[in-house]
Amino acid sequence: MVWFKRAKPAIRTTDRRDMPEGMWWKCDECGAMLHKKQLEDNFYTCSECGYHFRISPYKYFSLLFDGDKYQEFEDQLRSADPLGFTDTKKYLDRVHDIIEKSGKTEACRNAFGEADGRMLVVSAMDFGFIGGSMGSVVGEKIARAVDKAIDLNAPLLVISQSGGARMMEGAFSLMQMAKTAARLTRLSEKKLPFFSLMTDPTMGGITASFAMLGDVNISEPKALIGFAGPRVIRDTIKRDLPEGFQRAEFLLEHGFLDLIVHRRELKTQIVRLMTMLAP
């Protein structure tokens, strides 16, 4: 039995306003909530712990090239399906779906422009496209980036962000390891520097080919760099791995890297290296 009925609500609430999608990001490392504008101002790194979020090739281009002015090249290349590969879906259907949903056309973008007034060629990988895996198109793009650097008499920077070779292309993907490594010798013959920047993650056939062949090997902080993943290694050798194994700091300590560079310092460091090594 209801004894009384409130005539008017005692507490007034405003209608809930939905938060704009993507306005707040959560740091995967420390859990801090970061506003999108704060992230952009800090080059997509956490202001609390320094964690580096994965970013697209275009964000690296904007960071590196003067006035965000650059020219992209070889963007018309598309993946083929030499094996007619099918797992849960056809390989070409998978590629088509990713292109439709994301607008990305491959796991690598090439561009050239000026960094502090000096010409620079950049080939940047994108983990958001099939894990940044290297198939025949990615290998060809990196090879053509080498050719462009030679044509422009400019240094080459390759930014790795990949899980390894693209297994859906079988031996064609593995061939790219030898192809990219061999093409880089042309840069060496022309005495043009090759800078390799490894970001999280740089794994598998990428590490085993061009990523470790830089005249200067650089990494972002705490990037995972290796061939097989730590879990696979641990399960194979039946031993615990050293703390920080396969992280950038561990590799720097053991001589596999030359520099670890915070993203906000990346352009400054690349320009400094160009000044020292470029013709």
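These residue numbers are counts, starting from 1, taken along the chain as shown.
Quick reminder: no glycine exception, Cβ is built from N, Cα and C everywhere.
Computed from a predicted structure; not experimentally measured.
Here Swiss-Prot flags 23-279 as domain 'CoA carboxyltransferase N-terminal'. What Swiss-Prot records for 27-49 is zinc finger. Taken from Swiss-Prot, the feature Zn(2+) binding site applies to Cys27, Cys30, Cys46, Cys49.
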Residues of the parent chain within Cβ reach of the zinc finger (27-49), under 8 Å, 6 or more residues beyond its termini: 55, 59, 63, 222, 262-264
For the zinc finger (27-49), the mean pLDDT of the predicted model: 94
Non-site residues, in chain order, whose CB comes within 8 A of the mean position of the CB atoms of Cys27, Cys30, Cys46, Cys49 at Zn(2+): Asp28, Glu29, Gly31, Ala32, Leu34, Ser47, Glu48, Gly50, Tyr51
Least surrounded among the binding-site residues, given as Cys27, Cys30, when other CB atoms within 10 Å are counted: Cys30
Set of same-chain residues at least 6 away whose C-beta sits under 8 angstroms from Cys46 (Zn(2+) binding site): Cys27, Glu29, Cys30, Ala32, Leu34, His52, Phe53
Helix, strand and coil counts within the zinc finger (27-49) (DSSP): 6 helix, 4 strand, 13 coil
CB contacts for Cys49 (Zn(2+) binding site) [other CB atoms within 10 A, all chains]: 14
